[in-house]
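For reference, the structure discussed in these notes is given below.
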Amino acid sequence: MPTMEMEKSEKTQTPALTPEELSQRSPTPSTEDEEEVHYVGHLKFSLIFIGLCLSVFQVALDEVVLGTAIATITDEFHSLQDTGWYGSAYLFTDCAFQLVFGRLYSMLPVKTVYLGALLLFEIGSIICATAPNSIALILGRTIAGIGAGGILSGALTILSQSVPRAKVAVFNGILGAVNGVAFICGPLLAGGIINGTTWRWIFYINPIMAAPTFAIIIFMLKVKAPTTPPTTWKQKIEKLDLPAFTLFLASILCLILALLWGGKEYSWKNARIIVLFILFGVLMGAFMAVQSRKGDEALVPMGIVKRRSIAFGMFFSFCTSGTGFILEYYLPIWLQVIKDLSVISSAVKLLPIIGAAVVFTTLCGILTPVIGHYVPFMIIATALLSVGMGLLSTLEYTSPIRDVLGYQVPAGVGLGCALQQTLVAAQTILPMNDIPIGVSLIVLAQTLGGTIALSAADTIYTGTLASTISARFPEVSASEVLNAGNREIRNLVPAESLATIMGLCNAAIVKTWYLSIGLAAASVIGVLGMEWKRVTAGPQK
């Protein structure tokens, strides 16, 4: 009826982002929200969902295969000192561009933005595959990270506009399972590729896998346009808030440089490191001040961030993701360096943690709508992640393989329970138009947690390794350690000293897991702050 249409139009023209206004709107999908979305048919949605799964799969695969291949890459490029950059460069841009993509998805056609993100990811992958040296590889990882910043959040945005929100948790669980399958296949695939050809093919396969995704999204995807798009390109650019984005980008870069250089390139008391930390604080403070002043027009709308489940969900995601990334990178290194396993053998030994994560990610996606709450799984995640990391930190270089296999299980269950719950929370409590930004903030916290955790872990690992080996073996300089590959460390000392140097390597890796223990334990703060909002079986009347 005309009256209802006028009221609905007025509703879409007025943003509802302040905590007070948001609390007045239904925390679960309202009837109006459901009516405004024309959900696609089963066959078309199935094809679209396959395309989304393929894109999410290759991004997850890209993260996992690198962790497995790092030892081989550092051996070829003689670049142990760049170990942290291979992960951090990717996660840095992935993290920073979450904010930009969150805004783009809220004001431009989702299809266009998603295809652009996927294209950037493939360009970065090709640069990695053809990299002649370590610097080129880092550049490729940086570009791929920009694209990755829009792929997961875009998939979740498309999903929220393609099925009723009551079913979102189930499909989130499937996407989480796809991530898990990538975690299982990734190490095995990387091992097979590296043993059979070269590590470069772990990047060449991304454009090959992307071809069907491009075709499906181009020809099948038709989603609702944003309800309140800016009317001019000038307004669109203003919405991106590029000055604020620059402040955020610069602040995170200063923090990463300080963490990667501190204790390795320069001492922690060096003026360069101190200035970098100061710049991080000043720039981040300026960014937050700008965001507060702009209110709902900010790149990070304060009305959304101040929602309890978003703010505490971001903290929980930051901690659990940081824990997961450290495990993803340093458990394969432990198996390959300490136990001298091949790439493919070490990949097989990761199946307990990966299998547990896959199974429980899927179970959580299925059970969350049944139970009606996501917080219980977050409680389980905090407890088991802390236990699992505590057990792994007890490993010695003489520990039998059965110990590391068993200790992975609680950590894997914890990761599986943690992966999707905060995303479900964002999709449950926010109005339809705010979901892209809410989801991007959660993914931002996940990638930021991984970025900072990996940077800190790299400093702990390489710094400890260089200092302890040089102290124990004066004939080996710190620069020789850093310029060696992970597995080449064995060749720096005589055979009779192998047990000693393996003990030092084990101690350096275990120190990174102490950081994981702290992050896993701190995630309880995020759990305690979450709202117990019910995931309903349908729109509230």
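Including glycine, each Cβ sits where the backbone N, Cα and C put it.
Heads up, TrEMBL stuff is auto-annotated, nobody curated it.
Annotated compositional bias 'Basic and acidic residues' per TrEMBL: 1-11, in sequence order.
Annotation comment: TrEMBL describes 1-33 as region 'Disordered'.
For 47-73 (among others), the entry in TrEMBL reads transmembrane segment.
For 48-535, the entry in TrEMBL reads domain 'Major facilitator superfamily (MFS) profile'. Mean pLDDT, taken over the domain 'Major facilitator superfamily (MFS) profile' (48-535), works out to 85 on the 0 to 100 scale.
The annotation transmembrane segment is assigned in TrEMBL to 85-105 (among others). Counting same-chain residues at least six beyond the ends of the transmembrane segment (85-105), those with a Cβ under 8 angstroms from any Cβ of the stretch are 63, 66-67, 70, 73, 113, 117, 134, 137-139, 141-146, 148-150, 153-154, 157, 239-241, 245, 248-249, 252-253, 256, 260, 299-300, 325, 329, 436-437, 439-441, 443-444, 447-448, 450-451, 454-455, 458.
Per TrEMBL, transmembrane segment is recorded for 112-132 (among others). Long-range neighbours of the transmembrane segment (112-132) within the same chain, counting only residues 6 or more positions beyond its ends whose Cβ lies under 8 Å from a Cβ of the stretch, are 55, 58-59, 62, 101, 104-105, 139-151, 154-155, 158, 200-201, 203-204, 206-207, 210, 213-214, 217-218, 221.
If you look up TrEMBL, you'll see 138-159 (among others) marked as transmembrane segment.
Under the heading transmembrane segment, TrEMBL lists 171-195 (among others).
The transmembrane segment annotation in TrEMBL covers 201-221 (among others).
According to TrEMBL, the feature transmembrane segment maps to 273-290 (among others). Same-chain residues lying 6 or more positions outside the transmembrane segment (273-290) and placing a CB less than 8 Å from one of its CB atoms are 241, 243-244, 247-248, 250-252, 254-255, 257-258, 261-262, 266-267, 298.
Per TrEMBL, transmembrane segment is recorded for 310-331 (among others). Distant neighbours of the transmembrane segment (310-331): 63-64, 67, 70, 87, 91, 183, 304, 350, 353, 378, 381-382, 385, 389, 392, 404, 408, 411, 414-415, 418-419, 422, 425-426, 429-430, 438, 441-442, 444-450, 452-454, 457, 461, 509, 512-513, 515-516, 519-520, 522-523, 525-530; these residues of the same chain sit at least 6 beyond its ends, with a Cβ under 8 Å from one of its Cβ atoms.
The annotation transmembrane segment is assigned in TrEMBL to 343-367 (among others).
Among the features that TrEMBL reports, transmembrane segment is placed at 374-395 (among others).
When Cβ-Cβ distances below 8 Å are used as the criterion, the transmembrane segment (437-457) is approached by residues 84, 87-88, 91-92, 94-95, 98-99, 101-103, 105-106, 149, 152-153, 156-157, 160, 252, 255-256, 259-260, 300-301, 304-305, 310, 313-315, 317-326, 329-330, 422-423, 425-427, 429-430, 512, 515-516, 519 of the same chain, each at least six residues removed from its ends. Taken from TrEMBL, the feature transmembrane segment applies to 437-457 (among others).
The feature transmembrane segment is assigned by TrEMBL to 512-532 (among others). Sequence-distant contacts of the transmembrane segment (512-532) (same chain, at least 6 residues past either end, Cβ-Cβ under 8 Å): 27, 308-309, 311-320, 322-323, 326-327, 330, 373-375, 378-379, 381-382, 385-386, 388-390, 392-393, 414, 418, 422, 425, 429, 449, 453, 456-457, 460-461.
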Problem set entry | Selection from 47-73, 138-159, 201-221, 343-367, 374-395, the stretch that has most Cβ pairs under 8 A to the transmembrane segment (171-195) | 343-367
Seminar exercise, completed: With the greatest number of Cβ pairs under 8 Å to the transmembrane segment (201-221), the stretch among 47-73, 138-159, 343-367, 374-395 is 47-73
For this session: Using a Cβ-Cβ cut-off of under 8 Å, list the residues of the same chain that are 6+ residues beyond the ends of the transmembrane segment (138-159) and lie near it.
Result: 48-49, 52, 55-56, 59, 62, 66, 82, 85-87, 89-98, 100-102, 104-105, 110, 113-114, 116-129, 131, 168, 171-172, 175, 203, 221, 223, 423, 427, 435-436, 439-440, 443, 447
